[in-house]
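A short worksheet on the structure shown next.
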Ligand SMILES: Nc1ncnc2c1ncn2[C@@H]1O[C@H](COP(=O)(O)OP(=O)(O)O)[C@@H](O)[C@H]1O
Ligand SMILES: Nc1ncnc2c1ncn2[C@H]1C[C@H](O)[C@@H](COP(=O)(O)O)O1
């Protein structure tokens, strides 16, 4: 029996991984996809034509970058829908509005007009049949110091050169955002409690929790006739 069957995780599940920059989403995405034999949906940082420019001048590029991310995530969403699920997604679409666009608007690095335009587009795109909510959002959390160390060690120059206050602001917003998030079921994992890089077996308790959460939420959805 494979891990997916062992933990009762449906083959068409869609699991999205959320959390602040550097917390370990991509690493967890790979570990879960390997264990479950699922496809992955990644944010492609290297081919993003705006990201470097954005870090050099938030005001000039924040709207362009959000539109770019929205288009990319919508294409990924469509792909997941067309395959019929069985995906682990690196970062949820909810974080683009709930964290990034909102933060730049509230900190004055995105104009109100641009923010309203972006929100209208986001709402119109998300309210479509291509956007079934994920079965589960896994939220990765940890101490600010550990996350900052990971950003520095990963070594993307644009992130290393960004003032620490930016990461601090984002960290606080994430805590508040997840406490109020209710668009789909949430499993919170502390990065101090597993280490999928150095101890492959630490994915097992995660899989067990994922199976449990998805079974509960599917039961709840079918009894409330939700999709
Ligand atoms: N369990 C772990 N232990 C130590 N380092 C980790 C662990 N998970 C991820 N990392 C490291 O932290 C950095 C950020 O991880 P990554 O998965 O790219 O984060 P994200 O996708 O959330 O930005 C990478 O250098 C990665 O190798
Ligand atoms: N919606 C976004 N707005 C601004 N910046 C974003 C957005 N989504 C991702 N990013 C940035 C943050 C990081 O520098 C890279 C990749 O994120 P990661 O958390 O490392 O996967 O893109």
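Just so it is clear, glycine is given a Cβ too, placed from its N, Cα and C backbone atoms.
Features as listed in TrEMBL:
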- 90: active site, proton acceptor (ACT_SITE)
- 19, 20, 21, 22, 23, 24, 25, 26, 27, 150, 151, 152, 153, 154: ATP binding site (BINDING)
- 43, 55, 66, 91, 96, 159: substrate binding site (BINDING)
- 15-214: domain 'Deoxynucleoside kinase' (DOMAIN)
Cβ-based isolation winner (fewest other Cβ atoms within 10 Å) among the recorded positions 43, 90, 153: 153
Secondary-structure category, per DSSP, in which residue 90 (active site, proton acceptor) falls: strand
Candidate nearest residue 153 (ATP binding site) in space, where candidates are the recorded positions 90, 91, 159 and distance is Cα-Cα: 159
Close-lying binding-site residues around ligand 1 among 23, 25, 27, 43, 66, 96, where CB distance stays under 6 Å: 23, 25, 27
Close-lying binding-site residues around ligand 2 among 23, 96, 151, where CB distance stays under 6 Å: 96
Which of 21, 23, 151, the listed binding-site residues, has fewest other Cβ atoms within 10 Å: 151
